[in-house]
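So the structure is just underneath, and the comments pick up after that.
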Amino acid sequence: MITLTYRIETPGSVETMADKIASDQSTGTFVPVPGETEELKSRVAARVLAIRPLENARHPTWPESAPDTLLHRADVDIAFPLEAIGTDLSALMTIAIGGVYSIKGMTGIRIVDMKLPEAFRSAHPGPQFGIAGSRRLTGVEGRPIIGTIVKPALGLRPHETAELVGELIGSGVDFIKDDEKLMSPAYSPLKERVAAIMPRILDHEQKTGKKVMYAFGISHADPDEMMRNHDIVAAAGGNCAVVNINSIGFGGMSFLRKRSSLVLHAHRNGWDVLTRDPGAGMDFKVYQQFWRLLGVDQFQINGIRIKYWEPDESFVSSFKAVSTPLFDAADCPLPVAGSGQWGGQAPETYERTGRTIDLLYLCGGGIVSHPGGPAAGVRAVQQAWQAAVAGIPLEVYAKDHPELAASIAKFSDGKGA
């Protein structure tokens with residue numbers, strides 16, 4: 001069985017709405033039909049497993065009831081037979097998720113959990129590299145992978161990007177990425193950008209033995225064009241790509257993963273429209289399962305004290321979600337903490353994510369805007385993580401670590417990174 005948990009908000013009966021979801025999303029329609037036999041329903045009809053009442057509300061998520069109407073709320077578990085859906089993710093999205101938002105009689109519905117049976121394990125490839133592969137390719141063990149982003153996000157020409165990358169790879173950083181907004185614009189075609197950047201990365205590897213992982217933006221609405229972008233990166237010796245998962249969709253991701261030799265770094269831009277209203281959409285816990293099955297290797301999930309709307313608690317639950325095996329540990333992608341990060345968030349990130357160092361800690365301005373330059377910025381972030389793991393307050397550790405001290409002086413007001 002495939003089990004979904006729906007958080008229902010309705011001025012009517014929760015039980016009635018639960019039954020309606022189970023019926024409408026499986027065998028039922030607005031009137032009984034001759035073909036809806038008991039035998040058919042026994043095979044493919046969804047059924048309500050449990051209803052857990054929640055506190056009533058007075059403010060509707062959707063404006064379909066007058067303000068101050070009493071609204072009943074509950075978490076409802078509904079099970080769908082595997083025979084009714086199969087293991088196709090587009091079928092799962094359509095049957096168990098897509099149609100529920102249009103059902104009449106609710107003022108809000110949010111999907112808060114999804115449990116998939118073992119059949120999904122073998123039906124989808126999952127991550128090709130994940131945590132272990134990302135560590136192997138960056139050569140980083142015993143600490144978080146430290147990354148940065150090319151800034152400004154847009155406008156740099158290939159030779160200008162390469163100049164900045166040359167400075168960054170000399171800083172000791174482990175990972176660099178194109179901003180998610182940069183793909184292949186006329187002023188910086190991907191082919192030219194790759195040709196400008198990769199020789200610097202390979203030359204640095206030849207001299208030092210360290211190959212910095214660079215994630216190029218290869219997303220495209222045409223899967224064939226996206227695959228050609230992939231091949232440009234791979235042929236030049238690259239090993240990572242930024243993929244805007246909501247823009248390319250399930251089909252694009254599936255097409256890419258089956259043919260990919262690159263680490264696939266998932267950026268979820270656009271995700272907010274699916275989750276920002278707490279009474280509608282879905283939890284990240286549900287959303288991320290689709291993309292992990294499809295094969296993302298690294299998953300960007302914001303961080304602590306970010307520059308966007310998402311609260312810290314949401315990041316913590318997202319981190320837990322991607323770090324929890326669907327079926328086994330190999331299907332966990334590398335969590336990527338980013339957005340306004342510098343070393344100052346390292347202690348809280350470490351403590352609130354289960355004291356793990358298995359993450360990519362992504363700092364844009366927190367590295368490139370350091371008063372001592374990018375190399376000092378990288379050292380400051382590394383020092384912050386050393387302090388976090390050792391349980392030493394940053395201010396104490398900074399007394400003997402000038403790069404961290406300078407970082408605290410610049411960024412501790414929360415406005416600089």
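Cβ from N, Cα, C; glycine included.
According to Swiss-Prot, the Mg(2+) binding site annotation covers K177, D179, E180, on the basis of similarity to another entry. Listed in sequence order, I149, V150, K151, A153, L154, G217 are the same-chain residues at least 6 apart in sequence whose CB falls under 8 Å from the CB of D179 (Mg(2+) binding site).
According to Swiss-Prot, the feature N6-carboxylysine maps to K177. Taking all protein chains in view, 27 other C-beta atoms sit within 10 angstroms of the C-beta of K177 (Mg(2+) binding site).
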Checklist line | Cβ-centroid neighbourhood (8 Å) of the Mg(2+) site, K177, D179, E180 excluded | finding: I149, V150, A153, D178, K181, L182, A215, G217, V242, H267
Check: Within 10 Å of the Cβ of E180 (Mg(2+) binding site), how many other Cβ atoms are there?
Finding: 22
